[in-house]
């Protein structure tokens with residue numbers, strides 16, 4: 001069953017990428033006949049694919065069925081209500097029930113209210129794994145939330161994924177604030193570094209992982225620059241560290257003075273060289289050379 005849901009999700013994702021939702025209705029009907037579970041919903045992330053189709057499609061039948069599916073799946077995420085909750089709901093005054101959003105939605109002839117509620121339900125599906133961020137009236141914090149949400153909108157990944165970038169931005173900011181407890185320079189620098197890394201064109205996977213929930217907001221709020229770096233940058237840092245270790249080894253051994261090498265910078269022959277085994281034992285050693293005149297360094301195998 002999981003393979004079937006994954007297959008449908010992949011097809012929908014391709015439709016969103018190609019901006020062609022032809023055949024989406026048939027896929028949605030297939031999903032409707034599949035008994036969905038919470039585990040299946042979380043492991044396949046089918047909700048994101050359905051929400052992306054819902055947002056892109058102009059076919060009323062497609063959007064209506066997508067909304068219906070998302071609404072039914074939302075109940076799985078919320079969990080079953082207890083008997084106590086049911087009893088309390090029965091005891092509520094009739095006037096309260098009539099004034100509730102649910103009652104107004106059922107009795108109202110306006111489709112605007114209904115569509116807004118469905119939109120909220122759909123967006124809630126993807127942030128329900130984490131508690132919603134508390135509201136704030138602090139202007140600095142509100143501005144930071146806006147900037148984080150804007151950074152999450154870099155590219156169009158959030159559309160295909162179906163993530164609520166505004167809520168995610170608020171959750172990230174809330175986690176930062178809860179750790180630092182004020183909006184001083186440390187707080188601003190933390191927010192600024194998150195924004196910079198989310199916008200990094202060379203590191204799109206970081207943004208996608210945050211939008212998909214692979215990196216939770218509270219973890220992302222605490223990540224170091226090294227942890228947020230792209231794979232390319234991590235590899236570069238690793239190589240630089242190795243190089244620094246080799247140079248340190250060369251400095252410790254002192255080296256051998258020679259006139260066999262000519263400095264490419266000052267053309268003098270007053271040099272010191274050291275040989276270090278940097279690769280496997282059956283390969284040639286690497287020779288590190290330092291010019292004693294100008295300090296120029298080079299190496300060769």
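Yeah, the Cβs are placed from backbone N, Cα and C, and that goes for glycine too.
Per Swiss-Prot, the listed range annotated as zinc finger is 259-299 (candidates: 218-258, 259-299). Of the recorded residues, residue 55 (ubiquitin cross-link) and residue 294 (Zn(2+) binding site) place their C-alpha atoms 65 Å from one another. Long-range Cβ contacts of residue 291 (Zn(2+) binding site) within its own chain (separation 6+, distance under 8 Å): 263, 265, 266, 268, 270, 271, 297. A straight line from the CA of residue 57 (phosphoserine) to the CA of residue 1 (N-acetylmethionine) spans 26 Å. Break the zinc finger (259-299) down by DSSP state and the numbers are 0 helix, 15 strand, 26 coil.
Residue 1 (N-acetylmethionine) sits 70 Å from residue 294 (Zn(2+) binding site), taking the C-alpha atoms as the reference points.
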